[in-house]
Amino acid sequence: MENGAVYSPTTEEDPGPARGPRSGLAAYCFLGRLPLLRRVLKGLQLSLSLLAFICEEVVSQCTLCGGLYFFEFVSCSAFLLSLLILIVYCTPFYERVDTTKVKSSDFYITLGTGCVFLLASIIFVSTHDRTSAEIAAIVFGFIASFMFLLDFVTMLYEKRQESQLRKSENTTRAEALTEPLNA
């Protein structure tokens with residue numbers, strides 16, 4: 001018997017380059033774990049906090065530097081934290097860690113970063129020297145802090161939806177258990 005006749009009906013064709021598996025860094029990055037709105041918000045948080053940090057770094061002199069230094073620390077920290085959370089969501093590391101812990105960490109990190117970034121932007125507004133780089137940094141800082149807070153509100157809404165869904169499942173189960181068996 002010829003091998004072609006035995007294996008022909010069960011083997012698949014070579015998928016070729018169009019359908020082939022992803023290679024390189026693309027094989028390790030998967031954006032589907034976050035809904036589209038959350039992906040957009042995470043991308044905006046990352047880019048806006050980086051832009052705020054870059055604009056702040058362009059400032060060459062200041063009279064009241066405390067607000068500038070605090071804003072520098074917060075904008076850099078916000079960029080690094082949002083990059084870290086995005087890396088965790090998009091890489092295989094997400095499957096190695098408990099997903100509830102990742103979501104809980106993201107929830108509290110996003111809330112804390114948004115509040116502190118908003119505070120840093122308010123402080124920087126009161127101490128800046130009105131240069132164009134400072135104004136740009138302040139604008140990016142406020143927008144970034146609002147993106148963090150909007151992401152927090154989105155996560156809060158998702159949590160409430162999940163808890164209401166679980167509550168309705170529990171009540172239907174309880175009703176089914178209290179019905180008489182011979183009815």
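Every residue gets a Cβ built from N, Cα and C, even glycine.
Relative to the membrane, T63 and K159 are listed by Swiss-Prot as lying on separate sides. It is 1-20, from the ranges 1-20, 161-180, that Swiss-Prot records as region 'Disordered'.
Averaged across the topological domain 'Extracellular' (61-67), pLDDT for the predicted model comes to 91.
Counting residues 6+ beyond its ends, the topological domain 'Extracellular' (61-67) has Cβ neighbours under 8 Å at 120, 123-124, 126-129 in the same chain. Here the topological domain 'Extracellular' (128-134) has, by DSSP, the following mix of helix, strand and coil residues: 3 helix, 0 strand, 4 coil.
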